[in-house]
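Step one of this worksheet: look at the structure below.
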């Protein structure tokens, strides 16, 4: 019995690490793509063609049928439409981590949860300590966010000498950070709620539940119910991207039940397909039925949350996020009056809160939890590693810019906040790389000194 269970457990562990490796690889490469998009946006917004940059994102885009039309700017469809898919993937990541990952047990989740709370509370308090005007105080949440793609991307530049548990800790912290960001958006940056929209959203959610109950596995079947949920949340006055999180959390984490085991079905359909293909007078149309059933069995082999995340993640990482960066990172330097007291302090406060507040909050709360005996550091994770995670968490970039768009009404303050986010993200990345290289060299020197000659 034990001999049978061991290989199975080993295979499950290998699959889990393979998924994590693929996830980290996509995040690392997408961080470079995001950087290119942000630099392109800054250059474009400060070039002689700056007017075309603004004009492009204000281009109206209309959807509808007959007299029922809805028209908004391209910027709206990116920030409120495409970003819903990003938050859908975030919701699915949270769902998976709760089911079988770093958040699956209280013991595993306690330290990254506490560190994430510290990494949100300290930057927020640090920002407010600058004594802003009432309108600018709304930006307190801007420095609380972490851009997981950039943070993991910078960590990947340090190579495989960084222990895998450091990567897992950063990933868990960033996911909890995303949960807190979603709650902040829901409670602090959604307007007065119109409860009639909840009825529309509930109809969409009931449709999703109904499709899941009857075992519909095709993602296309959920597009219309998902759009209804998005519309309902938009009508309530809450930020419509929350629809993505809700739908992501509802995605099943277990494979759809089949009449026979998926692997047995794949074996049988493959045999049937080979038999028909080798027939002396076979018709190509004869292959369609076993091919269709084979694709269905392959699809049902994986849980929907794994399948959907694997499909959407590259599109989000290499499509939606770079487009978001291109549309939002283009700050015209001539349009931001940093000599004015308000915008100047907004930029400084955001930058200081991200660069100093993030590591201070993460390291201090982690130290306190360990000191009190409520948590222990994961294997191969030391205080230098926690400091590295804290520095990298100061890379707010896309998530911080997203919150800034919700927090600031004044264009000058918004531009200053974006400049603060961009400069802080760059500084945090450089500090993180420098600290990481120094830590690796120190660890290598200590190992060499302790080894027998």
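Cβ from N, Cα, C; glycine included.
Looking up the ranges 111-131, 258-278 in Swiss-Prot, the one annotated as transmembrane segment turns out to be 111-131.
If you look at the transmembrane segment (139-159) against the transmembrane segment (191-211), you find fewer than three C-beta pairs under 8 angstroms, all six or more positions apart, and that falls short of contact. Between the transmembrane segment (74-94) and the stretches 168-188, 235-255, 316-336, 345-365, 386-406, the greatest number of Cβ pairs separated by less than 8 Å involves 235-255. Tertiary proximity for the transmembrane segment (316-336) is limited to same-chain residues at least six positions away from its ends with a CB under 8 Å from its CB atoms, namely 26-27, 29-30, 33-34, 36-38, 40-42, 44-46, 50, 53, 57, 74-75, 78-79, 82-83, 85-86, 89, 149, 343, 347, 397-398, 401-402, 405, 411-412, 415-416, 418-419, 422.
Within its own chain, the transmembrane segment (345-365) has Cβ neighbours under 8 Å at 114-127, 130-132, 136, 139, 142-143, 146, 173, 336, 338, 383, 386-387, 389-391, 393-396, 400, 404, 408, 413, 416-417, 419-421, 423-425, 427-428, 431, counting only residues six or more beyond its boundaries. Contact between the transmembrane segment (168-188) and the transmembrane segment (419-439) does not hold: fewer than three of their C-beta pairs are under 8 Å, each pair 6 or more apart in sequence. Only sequence-distant pairs (6 or more apart) were considered; of these, fewer than three Cβ pairs between the transmembrane segment (191-211) and the transmembrane segment (111-131) are under 8 A, so the stretches are not in contact.
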